[in-house]
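One structure is given here, and the rest of the page talks about it.
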């Protein structure tokens, strides 16, 4: 396949994810706030629990996803997975507790298949010289979904012809082997951190803004604005670090370090600006006072920093996995999504019970550890490359 067609495939991939996640990210961002506001005696669901189920099922379904991708191919896997997302969006039209949680299970299964196939397809259409660019293009298009979807919140409150049993079983064997690989083990804290901060910026932080009593009647509308600004940060990061930087070895460590610093600044400002009980209040607005008088400007600045930092970590994780495991991309990305989603699931489950300061502290500790481990992996890759030159 020529390079132009590969680039076209990457753009189409990004556009497809843009359309799917315009809907899904919108729902996830406002889910807990909407559920809290429902005055319906027959509906007793929790937005946090739904998101926790999604990412919990997502994590364990990643163990089967490489086999599915091998059997039916990445294109058909992404097509059928995309259909499952439609059911999750539809359930918001007629709220029902059992349907709410059932579709959460289904979308968790679909998400594992979708993201594993996406990683395989992206690497399949990339080379060592284009993986960084293609990751940036995909990530930038994907994160446009946060702009389009949250605008709505604000204004409206290759074919495979032969398959063998050996081919299928080899996927499981490869996963088991890679799980024990030193590179994967060292990258695990960084992957885990990406799961914690994913749950925070995609579901918890918007809920915190909406529950801050000092923002008054504008608080609920600010959830949409916050989501838009997070999307802007993601697009800026994906564009800068995926497209403009050419030296991949230098870039990866520098960008991950920048992502850590950006996130830590955001966490500190959120700690000062948002009431400590914001994630855990359900029937009322916040009762505790933050250290500063809550400021909309600071809140939205933190949204931008959360998006920018997230793009730093994710683009570099995609880049290093695509570089190190170019011939084993499907199981490698499945492991990445398994670790990321299981930590996101755990975070969603504790988000309704832990005060904000403890959630921020957990992310700081894991973010620092993950960044150090990423540096070790990059050092190992540089050392291996230097040995090959001699």
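A Cβ is built for glycine as well, from the same backbone N, Cα and C atoms used for every other residue.
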Among ranges 7-26, 107-126, whichever one TrEMBL labels transmembrane segment: 7-26
TrEMBL annotation of transmembrane segment - which of the ranges 291-309, 310-328 it falls on: 291-309
Where TrEMBL places transmembrane segment among the ranges 135-155, 156-176: 135-155
TrEMBL annotation (transmembrane segment) - matching range among 180-201, 356-377: 356-377
Which range of 204-220, 255-271 is transmembrane segment, per TrEMBL: 255-271
Beyond the flanks of the transmembrane segment (255-271) by at least 6 residues, Cβ under 8 Å: 190, 197, 205, 208, 237, 241, 245, 291, 298-299, 301-302, 305-306, 308-313, 315-316, 356-357, 360, 363-364, 367-368, 371, 374-375
Stretch of maximal Cβ-Cβ contact with the transmembrane segment (46-65) [cut-off: under 8 Å; candidates 7-26, 291-309, 330-350]: 330-350
